[in-house]
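Engineer: Once you've had a glance at the structure underneath, I'll fire off some questions.
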Amino acid sequence: MLQSLASNSCVRLIQNNTSTWYFFFLVIGYVLYLIFGAMVFSSVELPYEDLLRQDLRNVKRQFLQENECLSEERLEEFLGKALEASNYGVSVLNNATANWNWDFTSALFFASTVLSTTGYGHTVPLSDGGKAFCIIYSVIGIPFTLLFLTAVVQRIMVYVTRGPVMYIHTRWGFSKQLVALVHALVLGLVTASCFFFIPAAAFSSLEDDWNFLESFYFCFISLSTIGLGDYVPGEGYNQKFRQLYKIGITFYLMLGLIAMLVVLETFCELQELKHFRKMFYLKKEKAEDCVHIIDHEHLSFSSVSDQAASLREDKLNEPFMDVPPLTYSASDFSSLNR
């Protein structure tokens, strides 16, 4: 008996808190996914890092042996300054001195990466005034960019997603959920072709040191606003039409970001994903509903009596014009005269 009561109470507890349990499993799954990613990245990249460290040590040792007049301390000092300058986008190599990081086109590209929160990190403000302005510019510009992107995506969704889905649904009578799912898949494939595969092929031909995988990697890292900064286009010393190239990349990033948001919004409007997301949401209980429930429990009899009284008053207060008029015929008068 006690065991059955305990099991029933546990079942009721689980049923009443399903969203909490779903959210708990979601948190556990996300933490496990983070750990899984860390383990894979560590196992894949750690051997390459070790090889790179060994190569640098061997090159440094060989350089010191060939130049005995140079001490290791002076070499360390020079390398430290060179790396510090490289972190600010300034290189000591002769073939990289022709490109300026803060001409107008480069500054425009930097502003677009700041406002879109991509942030490659290859170019950063050098002066204190530039750092202060970057803070103020970002505080105002990032919300402004979100507002701009939201307005643009909302208008595009009307013509790209909602309109075609409703037209096919009403014109041919297909299921709206099926049409929305097929449309989302087709839109995803078209977006991937126009903003990932085709640009990756273009970047692999325009950039000397990039293959197709590296170009596709740059497109994905950029349009997903991750922006690691290990691959930045237009930074080669022999880049032709560099300014025009930079402006084209700026427009590509903005259009690609809008396209990605449209695709994500299209998938988020699918009924299957809506139901799946609601599994983890906290159900809201309105205070008005609780008040109505309490009033219903404590004032049920009085409410019934009040309703009956109000009905009687309504009947008594009915206007006279609603009463059907009395009609008399000639035969009635003749009978009265008799």
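For all residues, glycine too, the Cβ spot is worked out from N, Cα and C.
TrEMBL labels come from automatic prediction, so no person has curated them.
Sharing the features that TrEMBL gives for it:
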TRANSMEM  21-41  transmembrane segment
DOMAIN    95-156  domain 'Potassium channel'
CARBOHYD  ASN95  N-linked glycosylation site
TRANSMEM  135-157  transmembrane segment
TRANSMEM  178-203  transmembrane segment
DOMAIN    194-268  domain 'Potassium channel'
TRANSMEM  215-232  transmembrane segment
TRANSMEM  244-264  transmembrane segment
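What does the local environment look like for each feature on the list?
Structural biologist: Residues 113, 116-122, 195-197, 199-204, 207, 253, 256-257, 259-260 of the same chain sit 6 or more residues outside the transmembrane segment (215-232) yet have a Cβ under 8 Å from a Cβ within it.
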Engineer: Any chance the transmembrane segment (178-203) and the transmembrane segment (135-157) are in contact, meaning at least three CB pairs closer than 8 A with a sequence separation of 6+?
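Structural biologist: The answer is no, given that the two segments have fewer than 3 Cβ pairs within the 8 Å cut-off.
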Engineer: Mean pLDDT, the domain 'Potassium channel' (194-268)?
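Structural biologist: Across the domain 'Potassium channel' (194-268), the average pLDDT comes out at 90.
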Engineer: Which residues of the chain, 6 or more past the ends of the transmembrane segment (244-264), have a CB below 8 A from one of its CBs?
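Structural biologist: Beyond its ends, the transmembrane segment (244-264) has Cβ neighbours at 105-106, 108-109, 112-113, 116, 118, 149, 152-153, 156-157, 160-161, 184, 187-188, 191, 194-195, 199, 206, 219, 222-225, 233-234.
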